[in-house]
Amino acid sequence: MAMIDEPLYPIAVLIDELKNEDIQLRLNSIRRLSTIARALGEERTRKELIPFLSENNDDEDEVLLAMAEELGVFIPYVGGVEHAHVLLPPLETLCTVEETCVRDKAVESLCRIGAQMKENDIVDWFIPVVKRLAAGEWFTARVSSCGLFHIAYPSALDQLKTELRTIYGQLCQDDMPMVRRAAASNLGKFAATVEQSHLKTEIMSIFDDLTQDDQDSVRLLAVEGCAALGKLLEPQDCAAHILPVIVNFSQDKSWRVRYMVANQLYELCEAVGPEPTRADLVPAYVRLLRDNEAEVRIAAAGKVTKFCRILSPQLAIQHILPCVKELSSDSSQHVRSALASVIMGMAPVLGKDATIEQLLPIFLSLLKDEFPDVRLNIISKLDQVNQVIGIDLLSQSLLPAIVELAEDRHWRVRLAIIEYIPLLASQLGVGFFDDKLGALCMQWLEDKVFSIRDAAANNLKRLAEEFGPEWAMQHIIPQVLEKINNPHYLYRMTILEAISLLAPVMGAEITCQKLLPVVINSSKDRVPNIKFNVAKVLQSLIPILDQSVVEKTVRPCLVELSEDPDVDVRYYANQALQACDQMMVSS
């Protein structure tokens, strides 16, 4: 008897847990569907489990979402592709629920199953599901159906294909805006499966209706359709059908639609080709750059470099640069910030002369912008300009601004400058660097913000790597070691950090002669934080120093620290002593 009852047990547990009041138990049982299906076997899964799930779909959205997800990967558990159609009924029901994320997941799972089904099964089982959903009384079913046509259409016979195109056309004219929106957002996927002859006639006619919809939420989704359809059509058809729509959309009364055009403009240009772009889309883009809505200007400004790459430098200078100049003093800081993040990329497009004449003044005005993000965005892309105009010009025009920003009141701007210094140093060369920027690098070690001091210490290490230990010995080490006597313990800690970073670059000899005595001396500091940092630094120096130095100098210092009254000092000193012992053992 026990043997007979055994296979019934999992389904009994599932049914009990699915009806349990505790949502977590119900969720767990749904997530274990694959285990239960394996225990039941393929036939009982088809005959008992799936019908049970079809009936029990009146639950919390969380449970239904998990069910929709599980069913999408359930084909192996129902006996493979031949039986995939048994999974359609529960998913069809889930496509009609009110919660959007459940419907979306059910559509995704249906698409995944439909993509694996055989052609005749799609005609017999999948297409009827699509038609039933499309004719659904409640709008949720019709919304879901829009996402299934691209799976159903390729397998259908000619007569059925005509019917599916007609149904899609009706969905695009549905009374409910939500349905028209779903139809608009899925049009590109559906159009990709439709034959070229019908594409130019029926699909373009559907598309035209959507572009003139009275709801802006439908029109803005049609903007995405422009790019998708443009890639499917021949260039001349694209210029005839898609281009006028884009131009109209760029003047749409709703700013959201104009925003979508500004955001998608590069993709739209790719779709229509270079000639129409120059003739029709440049004026449209100029309008968007001068739009009265800041959001539209932000989107358009962010695409300025990409757009200029499609144009010839003359056109960019003639039409786009005047707008860029206006945007650099735009009333919205976010517009200026969006422009600053991409404007540097225009330098390679426009070439050296135009960059020097036209762009440099704009860079300088943005570097002096009152909003820190604008300044930051310019700093982080300076190398793109350097490649075009050369370091001499860059240093004459931009370096004074960089030096000014090094003392900026916003610490994030100072941080960005520090991170840029090693790159700048490698481009400027050692002589120029010493004259203009050397003092700055030392100044940052005594900044009020820890992140700046930390970055300054790392910066010194990178400079020592760039210019070599000899240069560092002359220009960095003496100034750093002087600062160990700073009255404030936080600044003394920064110097210890700098020493531990510089030591591997400087090598054993300089570390032993110059750096180690300073560290040992600091172990007598009255502040416990300094003493335990001394222990940490000594531990980091052990692999660099000779064993004799470790035994004569480092170990006695650590032994003394290990008897300190402060618990943290003792802890780190003991850690370092263990490292000494390990080094002894390994050697």
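Any Cβ shown, glycine's included, is placed from N, Cα and C.
Taken from TrEMBL, the feature repeat 'HEAT' covers 10-48 (among others).
Taking Cβ pairs closer than 8 Å, the repeat 'HEAT' (164-202) reaches residues 127, 130-131, 134-135, 139, 142-147, 149-150, 152-154, 156, 209-210, 213, 215, 217-218, 221-222, 224-225, 227-229, 232-233, 237, 241 in its own chain, all 6 or more past its ends. According to TrEMBL, the repeat 'HEAT' annotation covers 164-202 (among others).
Positions annotated as repeat 'HEAT' by TrEMBL: 203-241 (among others). Secondary structure of the repeat 'HEAT' (203-241) per DSSP (helix as H, G, I; strand as E, B; remaining residues coil): 33 helix, 0 strand, 6 coil.
The repeat 'HEAT' annotation in TrEMBL covers 242-280 (among others).
Positions annotated as repeat 'HEAT' by TrEMBL: 281-319 (among others). If you take every residue in the repeat 'HEAT' (281-319) and average the pLDDT, you get 83.
Positions annotated as repeat 'HEAT' by TrEMBL: 320-358 (among others).
According to TrEMBL, the feature repeat 'HEAT' maps to 359-397 (among others).
Marked as repeat 'HEAT' by TrEMBL: 398-436 (among others).
As annotated by TrEMBL, repeat 'HEAT' applies to 437-475 (among others). Within the same chain, residues 403, 406, 411, 414-415, 418-419, 421-422, 424-426, 428, 430, 483, 486, 490-491, 494-495, 497-498, 501-502, 505-507, 510, 514 sit at least 6 positions outside the repeat 'HEAT' (437-475) and bring their C-beta atoms closer than 8 Å to a C-beta of that stretch.
According to TrEMBL, the repeat 'HEAT' annotation covers 476-514 (among others).
For 515-553 (among others), the entry in TrEMBL reads repeat 'HEAT'.
The repeat 'HEAT' feature in TrEMBL is assigned to 554-587 (among others). Residues 516, 520, 523, 528, 531-532, 534-536, 538-539, 541-543, 545, 547 of the same chain lie 6+ residues outside the repeat 'HEAT' (554-587) yet bring a C-beta within less than 8 angstroms of a C-beta in it.
Nonlocal intrachain contacts for the repeat 'HEAT' (320-358), taken as residues 6+ away from its ends with a CB within less than 8 angstroms of a stretch CB, comprise 282, 285-286, 289-290, 294, 297-299, 301-309, 311, 313, 365-366, 369-371, 373-378, 381-382, 384-385, 387-390, 393. For the repeat 'HEAT' (281-319), the residues of the chain that approach it from at least six positions outside its boundaries are 243, 246-247, 250-251, 255, 258-259, 261-263, 265-266, 268-269, 272, 274, 326-327, 330-332, 334-335, 338-339, 341-343, 345-346, 349-351, 354, 358, judged by C-beta separation under 8 angstroms.
The DSSP breakdown of the repeat 'HEAT' (515-553), given as helix, strand and coil counts, is 29 helix, 0 strand, 10 coil.
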